[in-house]
């Protein structure tokens, strides 16, 4: 729904419209955002390392998905490297390097940001450690179940697995590599 009201600016009338956004029967524009504003004050959005980290977070998956889709359509990397396996391993190596750069930029950015007092508590630190351990188990076990080409977009190169991975950790949750990576980064932020 749109609500209309009329405002007078100078010598002319201006009709203003405000869309009503309802989320779970609650008008979003009526929400108290004071707690969120308090947390957002702890982030220096203009700090250079923060901007570099955000750029890396956005760029990395965009890059490798565009390259993989381009390869799937054209097979140019396979032609360049003479083999889909060599091409996949090269892209996987580039992805690993980009992930190292992303992780480093995120770590540098987190160190440069103001720290929330709650994060200084010992139990929060150990929650971060637990998240990192769980995340690492999910990522490593996913990699072991999928192999290098299964992890690094081999299907776009025509390299398919014999069967769908259904063992640990895929029998616990869908997308364990993504959940594990998220747990790692969240755990690092808590530490």
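Cβ coordinates are placed from backbone N, Cα and C, and glycine is handled just like the others.
Record note: among 13-34, 79-100, 79-100 is the stretch given as transmembrane segment by TrEMBL.
TrEMBL assigns the feature transmembrane segment to residues 45-67, out of the candidate ranges 45-67, 160-182. Listed in sequence order, 187 are the same-chain residues six or more apart from residue 133 (S-adenosyl-L-methionine binding site) with CB atoms under 8 A from its CB. Sequence-distant contacts of the transmembrane segment (45-67) (same chain, at least 6 residues past either end, Cβ-Cβ under 8 Å): 77, 91, 94-95, 98-99, 101-102, 105-106, 108-109, 112-113, 153.
Per DSSP, the secondary structure of the topological domain 'Cytoplasmic' (102-128) breaks down as 22 helix, 0 strand, 5 coil.
Over the topological domain 'Lumenal' (69-80) the predicted model carries a mean pLDDT of 97. Close to the recorded S-adenosyl-L-methionine site, the chain also has 130, 131, 132, 136, 137, 138, 180, 183, 184, 187: residues not among 133, 134, 135 whose Cβ is within 8 Å of the site's Cβ mean position.
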